[in-house]
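Student: Got a structure for you, questions after.
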Amino acid sequence: MAEAVCHEKGSVRTVRYLTAGESHGPALVGIVEGFPAGLAVAAADIDRELARRQGGYGRGGRQTIERDRVRILAGVRHGRTTGAPIALYLENRDHENWREALSPEPPSLPDDLSPEERDRRLRRVWAPRPGHADLAGVLKYGHTDVRDVLERASARETAMRVAIGALARRLLAELGIVVVGQVKALGGVVSRVDLLSLPPEEVRQRTEASAVYTLDPEAEGEMIRRIDEARREGDTLGGVLEVAVWGLPPGVGSYVHWDRKLDARLARAAMSVQAIKGVEIGDGFSLADRRGSEAHDAITYDAERGFVRPTNRAGGIEGGMSNGMPILLRAAKKPIPTLMKNPLPSVDLRTKEPVRAAVERSDVTAVPAALVVLENVIAWEIAAALVETFPADRFDDLRDAVARARERMRG
Ligand SMILES: Cc1cc2nc3c(=O)[nH]c(=O)nc-3n(C[C@H](O)[C@H](O)[C@H](O)COP(=O)(O)O)c2cc1C
Ligand SMILES: C=C(O[C@@H]1CC(C(=O)O)=C[C@@H](OP(=O)(O)O)[C@H]1O)C(=O)O
């Protein structure tokens, strides 16, 4: 559960969400609590993000089956949030092909089925897949069928997190805060375009026109070539995602409580996305090799613009709070663990004999899709931190509070 707890006039205000749903179950569901009332929200805003998540070159067969469109079940009336919990619903179209295997009722199969046929019909999996939750998951819960783990561990769940992040984007957009990103690297090919060098609208336009959501057209061609090559060889690719947040006023987050530090929250949100293995903010890991004189951002003052930072090595966050500069976060995504031609070595859970990992179908790369997921989980976290910093039941109160803070913080 992603949550932000605010202590407001002695009461506790909570902004959080919970998701449920298996990859091939009937649907994904999400419940959002604590969104202020009076925010304009339309299903179309959410669907736009869902469509982006489904796109991106290198995906497998599943995306030709799914057509992710959200159904808003609660908390929104006549296009505005009411302050009540918001409930979202996303159908898994593929469930049609998995009714028996994913049924909540015990299966009613003929008694004379062979054990192999029974396993096939129920889509049981006996070989845990390296790089997945499979082995630790069956050991943790005492499952015998890996299917009981992999269904929930699957990144299918990120569709709901994108839907919830899209709600957060709406809130941020009304406050003049924009979250954009690019695929910075894919399969070892690096985009040479600096994400912060372009206005956010242009980033959005150019990445939407790119098959792999990158800003560098030359790198794009080579990324696509490598994806094709990996697909031919039954292999997979990872990459680096880059997300920027523009327009956040200074002071969002906390330096007084460890668990409300903005950088800590963003890192947790990024690491919670399946297959993300590393996170850095601003110049991140490269700061480690520099001298202090080349690692920080000087403070200057300009009567027109207020406090000005000539550089942004900190990536917009100092002391756990936004500092008024754009936030820049990078995340490393590992290659997809399911290998189509030469699956990784595993062990049959029943016999303990060596076998190859279970394979059905898989993406070659999900780096572009993961960018959309990352943008949206970051949007959620920023929105939750804002509501925590400026608690409000009504959206106009939040807007006024943010406007006042912006004015004051110019100094
Ligand atoms: C959008 C997205 C799509 C993914 N698609 C696949 C896939 O098709 N096949 C696969 O084996 N892993 C896929 N993964 C990666 C696994 O979900 C992930 O590696 C696994 O759940 C284990 O989690 P961990 O890598 O965070 O430890 C995908 C991840 C994301 C973010
Ligand atoms: C379903 C999605 O991604 C899935 C994530 C995933 C995994 O193991 O994480 C494995 C694949 O599942 P399937 O075997 O059903 O094709 C992906 O397609 C999605 O992104 O909508």
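Backbone N, Cα and C atoms are what each Cβ position is placed from, and that goes for glycine too.
Feature table excerpt (TrEMBL):
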| type | residues | note |
| --- | --- | --- |
| BINDING | Arg53, Arg59 | NADP(+) binding site |
| BINDING | Arg152, Ala153, Ser154, Gln274, Ala275, Gly319, Lys334, Pro335, Ile336, Pro337, Thr338, Arg361 | FMN binding site |
Student: Just the binding-site residues from Arg53, Arg59, Arg152, Thr338 whose C-beta lies under 6 Å from any atom of ligand 1, please, or none if there are none.
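Tutor: If the test is a Cβ under 6 Å from any atom of ligand 1, the answer is Thr338.
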Student: Please list, in sequence order, those binding-site residues from Arg53, Ala275, Thr338 with the Cβ less than 6 Å from ligand 2.
Tutor: none
Student: To the nearest whole angstrom, what is the C-alpha distance linking Ile336 (FMN binding site) and Arg59 (NADP(+) binding site)?
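Tutor: Here the two Cα atoms lie 11 Å apart.
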Student: DSSP on Arg53 (NADP(+) binding site), three-state: which is it?
Tutor: helix
Student: Return only the integer: C-alpha distance in Å from Lys334 (FMN binding site) to Arg59 (NADP(+) binding site).
Tutor: 15
Student: Of all the binding-site residues given, Arg53, Arg59, Arg152, Lys334, which residue's CB has the most CB neighbours within 10 A?
Tutor: Arg53
Student: What does the structure give for the C-alpha distance between Ser154 (FMN binding site) and Arg53 (NADP(+) binding site)? Integer Å is fine.
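Tutor: Here the two Cα atoms lie 15 Å apart.
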Student: Within a 10 Å radius around the Cβ, which one of these binding-site residues has the most neighbouring Cβ atoms: Ser154, Thr338?
Tutor: Thr338
Student: Drop a 10 Å sphere on every Cβ of the binding-site residues Ala275, Ile336 and tell me which sphere holds the fewest other Cβ atoms.
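Tutor: Comparing Cβ neighbour counts within 10 Å for the binding-site residues Ala275, Ile336 gives Ala275.
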